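Participant: In case it's useful when we look at the structure, here is the feature table from TrEMBL:
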ACT_SITE  Asp373  active site, proton acceptor
ACT_SITE  Tyr457  active site, schiff-base intermediate with substrate
DOMAIN    45-130  domain 'Copper amine oxidase N2-terminal'
DOMAIN    146-246  domain 'Copper amine oxidase N3-terminal'
DOMAIN    307-696  domain 'Copper amine oxidase catalytic'
MOD_RES   Tyr457  2',4',5'-topaquinone
Amino acid sequence: MGMAQKSQTLGWVTSILLLQMAIAERPRWTLNGKPRVFLDLSAYEIKIVKDFLMDKKELQLQSSETPTLGKNSVYLIEMLLPDKEDVLEFLDKGKRFPVREARVVIFFGAQEHPKVTEFAVGPLPTPIYMREISPGPGHNPSWASRPISKAEYRLIHSILIEAMKPLHQFLLDTTDYSLEDNVKDALTFTFMAPHGTKSDQRRSWFMLQRFMASHSLQPIGLEILLDHGSTDVQHWKVEQLWYNGKAYDSPEDLAQKYARGEVSITVLMESVAEDTEQPPVFSFSSDAEELPTSISMARPRVSVSHVPAYTIEDNMVFYRDWIFSFRLRPSSGLQLLNVHFQGVRIAYEVSVQEAVAHFGGHISAGTQTKYMDVGWGPDCATHQLVPGTDCPDTATFLEVIHHYDTDKPVSYPQALCLFEMPAGHHFNSNFREDFNSSAGTNGRKLVLRTISTVHHYDYIWDFMFYPNGVMKAKMHATGLIHATFYQPKEMRYVSQSQTHLFSNIHTHLVHYRIDLDVAGTKNSFQTLQIIWENINNSKKQRHPVLGNTLKKTYYSQEHQAAFHFGKPLPNYLIFSNLHTSHLGPRSRYHLQIHSKIHQVQLPGYQKKRGVSWTRYPLAVTEYQDDEKCSSSIYTQNNPWNPPVVFEDFIQNDTNIEDKDLVAWVTVGFRNIPRSEDSANMTTPKSSAGFVLQPINLPGF
C-alpha cells in the first residue's frame, strides 16, 4: 500500500472513531426516540389522516383534481407542532409524549357561504377526533383569502384562452404567434398578486408574455383583468384590458378598435426558443463552491474529500458540539428546532416566516405586484437540489413528503442537503466580508440548505453551524427578472434591459423567527451602543479627551424592544440568561443583523396589516403559543385583513424581563436590474441574514 493510500485509510479510520465517540457522548435527552416529537408527518400518517377525513360523510369531500371550485376538498395536511411547554416537559423532565396531531386546511366551496377552515386531527397514528383551530389568535381566514389551487389555475387558464379568441389576428400581427398556435407555450399568462385591491376581492391582472430564444420572458404590452371571485366559473368575467398605455373594456373592444386602425401597436418579432420549452429559473454566481445553479452548462463540480463529522437520525443532526432538528414546512419553509450547543439549548426554534418581493411601477404589473411567498405552495417552492452543482457531491440529500393541494402524499426526494465545508467559502464576496468580521470562522462549518423557486426567482436558504458556537442564517435571491412593457412614465420605476423590455426596481424582505432559549427559558434583552464620551480622569488635563465607551440599555417591555425602520439599531443586541448554568454565571448570545436595508421606510405598503412585520428590523416579544407565525398562506390574497397580524403581537406590551423571549428579524435588499440581468439576476449584494454568536462580557 502506498503512502497516499495509507494516509487516506488512516483518515477514514480516524473519522469513524470520531463519529463513534460523538455517538457515545450524546446527552440522555436524545435517546429513546425523544426528538421524534419534531418529526414531520410520514407518508403513512398523511394517508391515515386523509382516509379519516374522507370517511366523514358529513364533510362531503371530493378530489382536489375535480375541475370546479364549488366543492369541499382537503388543501393542506402537515404536522402541527405541540405547545412548547408540553414539548419541554417531555424533553427536559421526561413527562409524557405530547399528543401528535396534524394540521388540516379544508376548502368548503360546496356550501351557500363558502369558507376555509383549519382543523387539528389526532391523535396520530390513529386519529379519532378533529377540532377546529385558527391560524391566528381569534381570527379566521376569509374565503377570498385562500391560496389559488391547481384546479383554479386550470380554470383561469381555460377562461383566458377562450376570452382572448377575438384577439387572434391582433396577436399574430404583434407577436407572430397566437394562443391557438401549435407552438406550445409560445405565449403565456403571468399573474400578478395580490388578487385585488381590497379585502374579499379576487380580481387578478394577468400579463401576456412571450418565451424568447434567450430563455427569458418578454411582455407584449397586453394585460387582462379577470374577476374570478365566484365559485361558479360562469360568473367569471374579463373586466378590462390594458394595451400599450390605453385601457379597453373587453377583448372584443380591443379587437374592433384594432381592426379600425385605432390602436397604436408595437410589433415584437424575435423568435421563441426552438425547443419551445419553458425557460428555467436560474441561480448563478461566480463562486461555484456554494451558490447553486440550475443552468445546464459545464461548471466545476463540488466535492469534499474527507468524511464529514456529522450524523443524521431521522430529522436530527449531530455535528461536533451541535445538535438540532429540522423540518421543511410546506406552509412556510425551513425550520430548526431544539438547537443545542455543548449540551445547552440556545434556541427552541429558528425559522423562516415569510419572504416578500415588493415591485415598483406605473402600470398594474408594477403597482400591484407584491409577492408574499408562503402562499404559493411547495410545488412551486420546493426545488430538487443537484449533486455537485447545488451542493457538493458528497452532501447528504434529504427527502421531504408534503400533502399540499393534492390527493395523496408527494415526495420531494432531494429538497434539502447537508454538507460540511471550509468555513471561509461563501457564495458572495460582499456577504463574506459582513459575516467574517466577528464570527471567528476558522476551520469548517456545517451547511443545511434548501432552495425555493417562487414565481420567477429563486431563494437559496442556508443555516450554518461553526465549531465555536456561531450559527448563521443567510438568504440569497436570484432568478429571472420581473419585466414590464415600456411606457414613458415607467422610467421612474424601471431600468431598460432590452428593447421594449424594462426591469422593475424591487425590494426583497425576509422575516425570521428566533425563539431564543439561552440556557433556559428565562432570558432578558439588553443592548450596547458605542458612543463618544469625555473620559478625562485627571483635574490636571486642560482639554477634554473623547473616547469610545459603551452605553447599556435594558428593555423591560415589548414596545421598547420594537425597533422601527428609519432609526439605526444599537451596535450590540444581547440576549442573556442571568441565572447560573454549568457554563458560568451568565450565558449570552449576541444577535447580529446583516441587511442591505437600514433607514429607508416603505410607507405605503407597510400600512397593510398582513405585512406589518416589515416595519421592524427587530422586535422582541414574550413567547405565546398563539404567536408561532408572523404570516400565513392567506396573507398573499388578503394583506388588508389577514388572520395573522404581526403588529398585534406587540400591542399587548408584555413585560420581557427574565421571560421566554422571541426575536423577530427582518432583513432584505433592493435590486435595480441591469441589461445584463435580462435572463438572470446576478446582483452580488442580493443576500441578507443574521448571526447568533456566544459572548462573555465581564461585568455586563
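Cβ from N, Cα, C; glycine included.
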Participant: Within 10 Å of the Cβ of Tyr457 (active site, schiff-base intermediate with substrate), how many other Cβ atoms are there?
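Facilitator: For Tyr457 (active site, schiff-base intermediate with substrate), the 10 Å Cβ neighbour count is 26.
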Participant: Average the pLDDT scores across the domain 'Copper amine oxidase N2-terminal' (45-130) and report the rounded value.
Facilitator: 96
Participant: Provide the three-state DSSP residue tally for the domain 'Copper amine oxidase N3-terminal' (146-246): helix first, then strand, then coil.
Facilitator: 28 helix, 33 strand, 40 coil
